[in-house]
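The structure under discussion appears below in the form of structure tokens.
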Amino acid sequence: MLILPIVKGEYKKDYNLKHLTWFKVGGNAEIFFKPLDSEDLKSFLIQNKQKLPIKTFGAGSNIIIRDGGIEGVVIKLGQNFSNIEFIDNHLIVGSSCLNYNLAKFCQANAISGFEFLVGIPGTIGGGVAMNAGAYGSEFKDIVVQIEAIDFAGNFLTFTNEEIGFKYRSNNLPKNLIILKVIFKINKGDSENILLRMNEINNARSSTQPIKERTGGSTFANPEGCKSWELIDKAGLRGYRIGGASMSELHCNFMINNGDATAKDLEDLGNFVQQKVCEDSGVKLEWEIKRIGRHP
């Protein structure tokens, strides 16, 4: 018998995650949990005596939920974890804050260095987890430290150096939930910041399928080259499996054309990975996470 910890937040059983993802595919979470606050989350983790499997969920922008759903508990940090505040010349930002919202906040307050976030879908916590970056900047350039909690309910802090940022990854422990991110502040000019953000938005709209059901870049760039160039060279621009295809506009983006399953998308990515390796001798590494059970 499944015994859930007593919490102040919200549980939902057999919860459909599809509508929370950008691809709009996937199965259900056995248990979906939105904690009220950090102490509520800590209480849940300490009480998790059955050691229910735990997955964390952000904005659903770079993830494929497999069609068989997710066993155990999916934890999503809601609006209570999205605050932005000034403390001692630093920004303290809740991990569920959207990258776009932080970029707009910084522009309004003449804080430079965050312009690139306007072009990165997802949350601040997810951005730290994968060292997200675009247009010449990455999270490693602006993060001072993070506050987090492990699955045993211990609050922890990690400095930029301790995080160990790498290209699209880091050295943080796996069983960790990021709660807050502390950023350094560099003052700038609001008008210049806005101009740069507009440049980024214009570049995205002209080169990426941002109006489609997509999950961002499918594969990380190998050292010294671009994934899209290798995919294009292998003749896979527009290639389709079921309801999923590689974008004609930017062939490192997968698209759900309306009737794709999670299996279609994952099969397409695996096929592209195989064909690029055969064509160029380079094995592309997934940037999009795939989690859950196969049906």
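From the backbone N, Cα and C atoms, a Cβ is placed for every residue, glycine too.
What Swiss-Prot records for 24-188 is domain 'FAD-binding PCMH-type'. Annotation source Swiss-Prot lists active site at Arg168, Glu287, citing sequence analysis. Per Swiss-Prot, the feature active site, proton donor maps to Ser217.
DSSP gives Ser217 (active site, proton donor) a strand state. Summarising the environment of the residue listed as 'active site, proton donor', the number of other Cβ atoms within 10 Å of its Cβ, over all protein chains shown, is 21. Arg168 (active site): 18 other CB atoms within 10 A of its CB, across all protein chains. If you take the C-beta of Glu287 (active site) and look for same-chain residues 6 or more apart in sequence within under 8 angstroms, you find Asn62, Met130, Arg168, Gly216, Ser217, Thr218, Phe219, Ala220.
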